[in-house]
Amino acid sequence: MSIPSVKLNNDFFIPILGLGTWQSKPEEVTAAVAYALKETPLRHIDCAFGYGNEKDVGAGIAASGVPRSDIFITSKLWGTWHSRVEECLDQTLANLGTDYLDLYLVHWPVPLNPNGNHPLIPLLPDGKRDVDHSWDIKDTWKQMEAMVKKGKVRTIGVSNFSEMNLEKILPTAEIIPAVDQLELHVYNPQHKLLKYLYSKGIRPQAYSPLGSTGSPLFKDETVTELATKYGLQPADVLIGYLIAKDIVTLPKSVTPSRIAANVSGGLAALAKLQPADIEKLDGLAASGKQKRFIMPPWPVDLGFENWG
Ligand SMILES: NC(=O)C1=CN([C@@H]2O[C@H](COP(=O)(O)OP(=O)(O)OC[C@H]3O[C@@H](n4cnc5c(N)ncnc54)[C@H](OP(=O)(O)O)[C@@H]3O)[C@@H](O)[C@H]2O)C=CC1
Ligand SMILES: O=C[C@H](O)[C@@H](O)[C@@H](O)[C@H](O)C(=O)O
C-alpha cells in the first residue's frame, strides 16, 4: 500500500495524506510520529511552531530511523513572528532536528504584537488578541520568499487565507503560494474559495478533516450510510471524500490503530466511493449542515464565508 502524491505549483510532490500534530501531547506525539513513519506508509507530517510540541515531533522522526529525504515535513510561522520569519523558522528547524522544511506556511493572516504580554497569544487589557496593525502581510510573504532563496524551505504557502487576504499578497508575490491549508470537511467544503485557489494554481490542504476534537461528523447520517454500504468506518468516508477530490488531507491521531486505519481506510474509501457519493457529500453543507469547528477569536475580519 502506498500513498499517492500530488504535484505542487513548483513541481515538487506532496503526499496526499499527512499526519496532523495539533493538540498531540508532547508525551504522546513522539511515539505517534515514530509509529506512523515506521509502521505505516505515512511519510508526511504536519507541524507548527505554535503547537509547542515540535521537539517531541522531531524526536519521533529521529526514532523512526526513516531517512529525512523520504519524509515531507511542513511547519508554520506563528503570528508573533510575522516580522521575524527566519528567527521563527530557525527555531522550528532546530526543534525538528532538520536543516530544511519541505513546506513552510504562514499559519494565520494575522500578525500579532511581537513585544506583547505573551510570546504566542498576546492580549490587550480588554482581553482581545493584540494584533500588530502596523505590519503588512505582504512583507511577511517577502520574508517567506527569502527562506526559499536561502534553501531553508523548498516550498512556501499559507494557511487560513481567504480570497481577500490572498489578494493582499499576490500582487507583489514573486512566488505564488503552493498551498492554502484550510478547515475542509463535509460540513465546511468552501467550494467557492477552492474554485478561486484552483484559478491561481494554489492547492488546498484539508485541516480538521474529521471535524477535529469531539467531532459530530462520525455520526452524520449520510457519512454513516456510506460507511455501512461499503464496509468502511465513518473516518474512512471523511478522508476518502477529500482525497477523491485530490485535496491533501491531514488527519490527526495519537492512537496507533487509528493512525494506521486512517491510511488503509482512507485509501479503501478512495477506491469505493462513487462520483454520486462525492456529489452527495459535497452537498451536505448546503443542505443546512454548514459548520466550522476552528474559529479562534481573532479581532479582525478574515474574509471567510460562514465564520461565526
Ligand atoms: N492550519 C491550521 O490552522 C490548522 C491545522 N490543523 C492541522 O490539521 C490536523 C488535523 O486537524 P485536527 O483539528 O487535529 O482534527 P482531525 O479532524 O484530524 O480530528 C482529530 C480527532 O479525531 C480523532 N480521530 C482520529 N482518527 C480517528 C478515527 N479513525 N476514528 C475516531 N476518531 C479519530 C483524534 O483522536 P486521537 O488523537 O485521540 O486518536 C482527534 O480527537 C491538525 O492536527 C494540524 O496538524 C488543524 C487545525 C487548524
Ligand atoms: O493549527 C491549529 C490552529 O490554527 C491553532 O493553532 C489555533 O486555533 C490556535 O489555537 C489559536 O487559538 O489561534
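Using N, Cα and C of the backbone, Cβ positions are placed for all residues, glycine too.
As recorded in TrEMBL, the features of this protein are as follows:
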- Tyr51: active site, proton donor (ACT_SITE)
- His107: substrate binding site (BINDING)
- 17-282: domain 'NADP-dependent oxidoreductase' (DOMAIN)
- Lys76: site 'Lowers pKa of active site Tyr' (SITE)
Distance [Cα-Cα, Å, rounded] between His107 (substrate binding site) and Lys76 (site 'Lowers pKa of active site Tyr'): 5
DSSP three-state assignment for His107 (substrate binding site): coil
Most crowded position, judged by CB atoms within 10 A, among Lys76, His107 as recorded positions: Lys76
Mean predicted confidence [pLDDT] for the domain 'NADP-dependent oxidoreductase' (17-282): 98
Separation of alpha carbons, Lys76 (site 'Lowers pKa of active site Tyr') and Tyr51 (active site, proton donor) (Å): 9
Tyr51 (active site, proton donor) CB neighbourhood, other CB atoms within 10 A: 21
Three-state secondary structure, Tyr51 (active site, proton donor) (per DSSP): helix
Secondary-structure category, per DSSP, in which Lys76 (site 'Lowers pKa of active site Tyr') falls: strand
